[in-house]
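Please read the structure below before turning to the comments.
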């Protein structure tokens, strides 16, 4: 009876997560597009529901909600379904919609979709060869074979996003990195943009007048007769077409310049708004957060370097370890086990909420940046694939933030994976991503004033 009650709780929560994913799809991703494939919407919502359910089970594990055997069953079921979606269903439909957009392959789209899926499976399987991610005990058809490969891709994605976010967050929030932009700078750039637009209009008028003149001459005058008349008409038309092509090239160059000027003007307006915002109370608060995240970024890079150099992976969760160090240093009586459980629960909850929120914001921005009416279905499926892999790998990494007694079922469900490898791999990719982001933002910040002065 308790199993039925536990299952009804899980099904209800999954329905709620599915509904939230459906609303997010309708309200955020596809609100500007008329063409909607319901199979894409269902796949995205199901992926979102089962991804969130994994985080829900982590919280249930810490709080002791549901029976232990029920949690184990739903962990196993949830993991099997999410792997089925990520490895078989989503890649196949991505290939199917890619082929559907190619007219030459339209008649045999099912066949070519299968070919693309088999190609994906080949490279997906070969991905596990260079990495020490499995125990030798696992067979070729075991669930660990799939989790291990999905984990490598997901951890790589998480580390890339975390490395960039750790650097970009203080860069975005801190007023120290803002350029000094005045109204005179904006007016000067807008004046140059208007001058460029005037030049484009005048040159397009010249082209239009020339075309009209050539058309009228062809209408009014009879075709030239005689040998010399034909030579004269050919040379005149060639010279005229060359002049028009030169003017058109100038127009193309000016239009490209106008696009750059427009983007630069928008950037200056945004910077000016950020300067004004930084003077408000909320802006000062985010500026303080920027300094805090700067310290956190330096600390994370330092710890990642230490972990890589000394091949170190923590055996104790960070909260328990931090409390033990503080208690020993201060020499006070403190129930480390009791409080570490509660603080770990709060920490894991914050990680889960911020992970879901941050990923959804990133997915929305990414979708708007590259989608179109033809590619939107493929992009949504790619986002579903990224989201699922991201959440599976989050479970692999969050496991280390939990006290040992809460890791048991998660470890049993995930199997005998080489968990230390994933943490070491995360540190390597995080370090590369963070250092690359620092270099990129430094060059962009240094180049921006020079570009502004040149304009």
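Cβ coordinates come from backbone N, Cα and C, glycine included.
Reduced to three states, the DSSP call for residue 67 (N-linked glycosylation site) is coil. What Swiss-Prot records for 67 (among others) is N-linked glycosylation site, and it gives sequence analysis as the kind of evidence.
Taken from Swiss-Prot, the feature N-linked glycosylation site applies to 180 (among others), supported by sequence analysis. The Cβ of residue 180 (N-linked glycosylation site) lies under 8 Å from the Cβ of 275, each of these being in the same chain and 6 or more residues away along the sequence.
Taken from Swiss-Prot, the feature N-linked glycosylation site covers 243 (among others), and the record attributes it to sequence analysis. Annotation for residue 243 (N-linked glycosylation site): same-chain Cβ neighbours under 8 Å, separated by at least 6 residues, are 210.
Residues or ranges marked as transmembrane segment by Swiss-Prot on the basis of sequence analysis: 5-25 (among others). Counting only same-chain residues 6+ beyond the ends of the transmembrane segment (5-25), those with a CB under 8 A from a CB of the stretch are 41, 44-50, 52-53, 56, 66-67, 70-71, 74, 360, 380.
Per Swiss-Prot, transmembrane segment is recorded for 46-66 (among others), and the stated evidence type is sequence analysis.
The annotation transmembrane segment is assigned in Swiss-Prot to 79-99 (among others) on the grounds of sequence analysis.
Residues annotated as transmembrane segment in Swiss-Prot, with sequence analysis given as evidence: 111-131 (among others).
Only residues 6 or more beyond the boundaries of the transmembrane segment (150-170), in the same chain, are considered here, and those with a CB under 8 A from a CB of the stretch are 83, 86-87, 127-128, 131, 133, 290-291, 293-294, 296-297, 300-301, 358, 362, 386, 388-394, 396-397, 417, 422, 425-438, 441. The annotation transmembrane segment is assigned in Swiss-Prot to 150-170 (among others) on the grounds of sequence analysis.
Among the features that Swiss-Prot reports, transmembrane segment is placed at 290-310 (among others).
Positions annotated as transmembrane segment by Swiss-Prot, on the basis of sequence analysis: 343-363 (among others).
Feature annotation from Swiss-Prot assigns transmembrane segment to 378-398 (among others); the stated evidence is sequence analysis.
Per Swiss-Prot, transmembrane segment is recorded for 425-445 (among others).
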Neighbouring C-beta atoms (10 Å sphere around the C-beta of residue 67 (N-linked glycosylation site)): 13
